[in-house]
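Engineer: The annotation compositional bias 'Low complexity' is assigned in TrEMBL to 1-13. What TrEMBL records for 14-23, 73-86, 111-139 is compositional bias 'Basic and acidic residues'. For 47-58, the entry in TrEMBL reads compositional bias 'Basic residues'. Among the features that TrEMBL reports, compositional bias 'Polar residues' is placed at 164-173. According to TrEMBL, the region 'Disordered' annotation covers 1-212.
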Amino acid sequence: MPRRSGAGSSSPDGGDRPRRGSTDDGGTPQRPSGGMLARAVSPISPPRRRRRPGHGARQRQAGATSGPVIFRMPRDHTPEMEDQAREYVNAANKALDEGRLAPGRVTVDGELERAKERAARNERNAAEDRDESYGDKVAAHLPDTTWSGTAEPPGGWGRHDGRLNSSLGSQSEKYPEGYQPTRFYLEGDDDIPAEHREPDSGNDPPSRRSRR
């Protein structure tokens, strides 16, 4: 029986076939045995710190019937969204000062909910007629009906990001029914009463946290 060459097995054209793990004539490494290719492993991102319950949930748990309303910005919010939230808070405080809010937070359902949605739809249609379409923004009540008790917002309409609008509405509903707001804030505002402050808030640049 012919003896095999030590360099590798014989190929059909008489040359030696390269061993596995060697390179071909172009210097390209051969596929490793078993067909497994090494893959880079992405570093594991650290888990996000869990947020403590929002102010509304804490007030409900404490059985509070009145006090400040403090909104928390959504994660990964943009400067534009914070400006919109500030517009909402300013409008809510103006309506509060003018006596145009309900005596306490109301539940929005039934006919009031339908009227609220109808008012927002009418506003969007009217904006279309004025060639001032809302585009990808929503017609946001300033402030929400749950605070005013009316379908038509006392502070007019805002052109807000949908995610922000949903967040502010959801946070409002966490306060107890009948809760009487004494002031509206964004979390991190420097004039929030000390007993209602978040211990880890206020890390944003002062220019974005000062009231406007």
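First residue shown is number 1, and so on along the chain.
The backbone N, Cα and C atoms fix where each Cβ goes, glycine too.
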Engineer: Considering only Cβ pairs under 8 Å, which range in 47-58, 73-86, 111-139 makes the most contacts with the compositional bias 'Polar residues' (164-173)?
Structural biologist: 73-86
Engineer: As a quick check of your reading of DSSP, tell me how many residues in the compositional bias 'Basic and acidic residues' (111-139) are helical, how many are strand and how many are coil.
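Structural biologist: Result for the compositional bias 'Basic and acidic residues' (111-139), in helix, strand, coil order: 19 helix, 2 strand, 8 coil.
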Engineer: In the compositional bias 'Basic residues' (47-58), how many residues does DSSP call helix, how many strand, and how many coil?
Structural biologist: 4 helix, 0 strand, 8 coil
